[in-house]
């Protein structure tokens, strides 16, 4: 069965679909006999490809697209895969990434103020310590340089100044960090929602969730703290160097070589740590994806006793992720050990120099120098450590910026080419040499279709799996852009107008109905365009009025997420109610009755015949009976038009492909097909 392209669930092809397919085979649903060798094709497509990366046993699963979006059966050739391996940058992170992050909030205007506040704080802190060391006598025999009152007052003033600097620094830092993270998330969020459907076809949900959760969390909390720690520790280090240079400049004889060695180790560590961090981000997506698939298909997994199989897969993807996390931690410990060793060496030499020149140094200043010398080794390691962490965490910013550069769909509105409010008036759809492919590297799915759906006529589209039925509908809504050719509706090329102007004038009843969390009213009229009387009228037409009136809050009755408190048939009728309210001139039924019982199917067909008699109705057929009362039938085969005529004429010609399809269906179902009255 060719699935429709669900806008709300364009994710990866889960192993659950294979299990569900087995269920359909075991229950021997009749229509499945029209799809030969489907299971073998799916099994071939689903074979996982494992690769070992960087000698660490990193397994990457090549996911296949979710069968429910209806494209898996329209891919020709073994190399035509929609899902691509996750994009991963290589080499050092360029300065533009840092610059985009720094200038994201207020153009970077707060950054100099933050640095200035930290510099003033460091000056005041060193000044207060130096003041106490200079003004406090080292023994009782020495006369104080200043009075005790002056000593305390100056020290308090310096301390208050330091406090205000810290307050200003923290306020500015939190403001800049929050604003930057919010802007990056909003831009990424907008780019994802404006991305073309081809992006969702090629991107599993786990990748999107990973960037919107793990990477965004790092940008909000971890990376700003690392950047701040690097800047603050660097300023502190410069202050300590200034103090030490006034007391024991000989320390720099050792300090400079030690710093050079630390920088060498840092440069040696960074390339490996950077690639490990990128691989961690790539490896986390399969964990999230597999978890989501397992939760959503828990009932099916238990039904087929596949718990151990999914546990094994979960352990594989988790081990791949944990293995990389271990290597990241091990590499960091490797660096920290060497930095701490050099810090200890540096502190030892500082003490030696201070003791060697004790006669020339004031004891109080020497004590101050020892105190700062103790911090010197710690800050030296801290600067290098924070520098490494910054380059590791900037990977999250890099990954978010990747999603901010996703190509977007065409404009929603083109002011220079807006159709009239009454468009489409007749609903005539003209298709001229239409050619469609899902990606530049993939073969054509529709190969030069040319036909016309007359306004006010009902057209059924039939064909075997992979013939291009759903693709044609997706092209009509510009979910997929044509590679060549065009579609005209009432003389207007749909590619010349905005997406909002096009999609808002068309209606569709999908195979899998969608209801959103909220109320009955918000699901039928989300934009609040209709009165309650009109909503009740639509509910009565789709036979849901009595059901809603039984509820205590009527139109304000609660609808939980995905409409789980409504049956499948009721959800489909709600979708019918939406199109009844909208009453578009062009209505598409994308296998709308494939998932409902016969009575609901008959109700939908009767309602459509009664209330859409003057509309252009395009039906993708699941049950052959649903197109026998159409005015015209379009039969597609391998992306080409094989037959296009009235169903009566096609059935009269026993040699026609449509007649053979009906005969084959009749044999399988042992049902007599007669045109409904």
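Glycine is treated like the rest: Cβ placed from N, Cα and C.
Per TrEMBL, the feature domain 'ABC transmembrane type-1' maps to 113-392.
What TrEMBL records for 429-663 is domain 'ABC transporter'.
As annotated by TrEMBL, transmembrane segment applies to 98-126 (among others).
According to TrEMBL, the transmembrane segment annotation covers 146-168 (among others). For the transmembrane segment (146-168), the residues of the chain that approach it from at least six positions outside its boundaries are 113, 117-118, 120-121, 124-125, 127-128, 131-132, 135-136, judged by C-beta separation under 8 angstroms.
Among the features that TrEMBL reports, transmembrane segment is placed at 227-245 (among others).
The annotation transmembrane segment is assigned in TrEMBL to 251-270 (among others).
The transmembrane segment annotation in TrEMBL covers 335-357 (among others). Tertiary neighbourhood of the transmembrane segment (335-357): same-chain residues 244, 247-248, 250-251, 254-255, 258, 261-262, 265-266, 269, 273, 366, 369-370, 373-374, 376-378, 380-381, 384-385, 388, selected by CB-CB distance under 8 Å and a gap of 6+ residues from either end.
If you look at the transmembrane segment (98-126), the same-chain residues 6 or more away from its ends with a CB under 8 A from one of its CBs are 158, 161-162, 165-166, 168-169, 172-173, 175-176, 179-180, 183-184, 223, 228, 231-232, 235-236, 238-239, 242-243, 394, 397, 401.
Sequence-distant contacts of the transmembrane segment (251-270) (same chain, at least 6 residues past either end, Cβ-Cβ under 8 Å): 92, 241, 244-245, 331, 334-335, 338-339, 342, 345-346, 349-350, 353, 373, 376, 380-381, 384, 387-388, 391.
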